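Novice: TrEMBL lists these features:
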- 14-54: repeat 'WD' (REPEAT)
- 60-106: repeat 'WD' (REPEAT)
- 107-136: repeat 'WD' (REPEAT)
- 145-185: repeat 'WD' (REPEAT)
- 184-214: repeat 'WD' (REPEAT)
- 224-255: repeat 'WD' (REPEAT)
- 359-455: domain 'PFU' (DOMAIN)
- 484-755: domain 'PUL' (DOMAIN)
Amino acid sequence: MDIDFNEYKLRCELHGHDDDVRGICVCSDDNIATSSRDRTIRVWSLDPSDKRKYTSSKILLGHTSFVGPLAWIPPTDEYPEGRLVSGSMDTFVFVWNLINGENIQTLKGHQMQVTGVAIDKEDIVSSSVDQTLKRWRNGQLVESWEAHKSPVQAVIKLPSGQLVSGSSDASLKLWKGKTSLQTLSGHTDTVRGLAVMPDLGFLSASHDGSIRLWALSGEVLLEMVGHTSLVYSVDAHSSGLIVSGSEDRHAKIWKDGVCVQSLEHPGCVWDAKFLESGDIVTACSDGVVRVWTVRHDAIADQMEIDAYDSQISQYKLSRKKVGGLKLDELPGLDSLTSPGTSDGQTKVVREGDNGVAYAWNMKEQRWDKIGEVVDGPDGVADRPIYEGVQYDFVFDVDIGDGEPIRKLPYNRSDNPYDAADKWLLKENLPFAYRQQIVEFILQNSGQKDFNFNPSFRDPFTGANAYVPGQASHTAATPAKPLYKHIPKKGVLVFDVAQYDGILKKMTEFNTTLRSDSVNNDKSLTELEVSRVGAIVNILKDTSHYHSTNFADMDIALLLKVLQAWPPAMMFPATDIVRMLVLHPHGASLLIKHVENNNDLLLDLIKKVTEDSALPANLLTTVRVLVNLFKNSSFHYWLQTHHSQILDAFSNCYSSPNKNLQLAYSTLLLNYAVLLTEKKDQEGQAQVLSAALQVAEEEAADVDSKFRSLVAIGSLMLEGLVKKIAIDFDVESIAKSAKASKEGKIAEVGADIDLVIRQ
């Protein structure tokens, strides 16, 4: 239908998801499906009592990581409400029966996150970060091909029958079957979203901030620029209107290439889709789905509109900064009741919606008002501050030779040679460091092509400065960017045990089993209990690990407990195994039970992660896995089974048990170290995905979040997934970490930010 453009207004909000809403699928004007970072898909149906609103009619459960792309297969006799196709970070494509919400097909084949799904007649076509497109028919993989040399971020089917793919390599490709017909260039960053433009061609949305309209010939018909950040999605209506969603918190509506309206949101707009009626559905990072309309009879009540406007105002206020500080984090006027400590000391306090600076007057013993503190243009407040002055960069410089790390402030407008000389003088350092400091500045400020001014003279010697590229009398190695916490070298272990408590608990459980007529045969004999004590005594004596040994029966005894004892009683034995794997001979005996067909560790993982998994079992088992990294003989097993292991414990990141959170984050960190060493990109990507979940979890313990951030930074710096991390919006995670009040979180956030800028 054709519609004239009128201003869109809020129609309704759909609440139900617990995290970012990532994808939208319009099944009909009466039924909408949405996907979320909370791992669920919700189907929303028109509310029969109020046609303006939708209610949640089904929740589809099954994915083990966040769900992204969705596609609808229209009804058939067998499936009268149609089917829904979903792709997830867990690498699977699911097909759902919408009549009952059941998963009827699981399509396994992708090695990394599924980023797009499209329906091609009876087939499903999926795209993935693993750089492939795959074609599925009747639940079976029938075709797979490498579509790009970088992650494929989206795929659509055109009415002409061709496929279009968009990639992190900034290109689009047209396909006829597996044959590439054309490669389209023009975007300067990741192509994230694609959509059919009726009767004209197709649209692309890019991280470069633009939307492009392409003819089937490959000609660019329009370029739409207006977003101020990454553009994630785009859609078109038969009327000719276009809608796009962006990191800049706006869904923009375009007509004839011109932005005619911006719909502001309290968070990133991941997706935006048109209903057939012309109404717009948006998916936001605040976990809310919103429907917008131009029809006066469908607009939300004024009270709902006012509440939404208030929500936007509160969101903007919470993000407002004064002097580089968040307004809502500033102290109130009551903080001025405390005296200052020195004359001229300044303090910024919140007065209403503004930040106001005061200075301490030592003579009068009072705070004198200086005036309102304001920030400059967007981004100015994010510049680092050193000794009260904002700079483009404040570098950490490690001189070595036992010297402490020092701060080097620098602006792009500075002459790097002059800056180096002044800094060396200020820090009372020898000018032998001069060449290294200049090259360090050029490297880390992105000014590799700096044009030297030949008229420059050393202010101290009167000579010309060293010019990169010219011969030098002194050889020097350019200083590398300095990171405080990355890359992580070596692995972490849990090597402290309360042996007396472990033995006491095992004895207590064994006594219970003996008195249980049903489980009596599973209990240990007195001799076996004594032998467990002997095992513990060997483990306690760490100074003789090099010369002590275990018997095969010792391992068999522990396996008996792990295999036969009820789940609620097995965790003390698991804890002994945790320490056993740190003993060289104990590890060498244990691995025999891992390399055969009866894999003890996989059986243990399965047992402890079944329904009603107990936190104590999860904790001790994850710690066992963490300690396996210490012994290189387990590295092949850990690498081979990384996907099973990470999937099995994927829910640990949100556990209320902080010890379990920390163990899981340590597992991810050790995997980051191992898989970087093994150059295993697929494994690195899965670890990255899991670590990002921890980093984004608001309730995560500080140490858990820190270790996950170190894993992310290490994978980006020395692994093969930097581009993938950037596509996953790691920049916002780094920015949030840098703003943390926890010092080490802020430091590793700065490390990640520096990796992004390299």
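Cβ atoms are placed via backbone N, Cα and C, with glycine included.
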Novice: Report, as numbers and ranges, which residues of the same chain sit near the repeat 'WD' (184-214): CB under 8 Å and 6 or more residues beyond its ends.
Specialist: 116, 153-156, 158-159, 164-168, 170-174, 220-225, 227-236, 238, 242, 244-246, 254, 257, 727
Novice: Using a Cβ-Cβ cut-off of under 8 Å, list the residues of the same chain that are 6+ residues beyond the ends of the repeat 'WD' (14-54) and lie near it.
Specialist: 60-61, 63-72, 81-82, 84, 86, 88, 96, 98, 101, 267-268, 270-277, 279, 281-291, 298-300
Novice: When you scan the chain for residues with a C-beta under 8 Å from the repeat 'WD' (224-255), skipping those not six or more beyond its ends, what do you find?
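Specialist: Long-range Cβ neighbours of the repeat 'WD' (224-255): 1-3, 5, 8, 189, 192-198, 203-207, 209-213, 261-274, 278, 280, 282-283, 292, 378, 729, 732.
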Novice: Per DSSP, what is the residue tally for the repeat 'WD' (107-136) in helix, strand and coil?
Specialist: 0 helix, 19 strand, 11 coil
Novice: Give the residue counts of the repeat 'WD' (145-185) per reduced DSSP state, in the order helix, strand, coil.
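Specialist: With helix first, then strand, then coil, the repeat 'WD' (145-185) has 0 helix, 24 strand, 17 coil.
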Novice: Quick one: average pLDDT across the domain 'PFU' (359-455), no decimals.
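Specialist: In the predicted model, the domain 'PFU' (359-455) has a mean pLDDT of 69.
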Novice: May I have the DSSP-based helix, strand and coil counts for the residues of the repeat 'WD' (60-106)?
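Specialist: Helix, strand and coil residues of the repeat 'WD' (60-106) number 0 helix, 24 strand, 23 coil.
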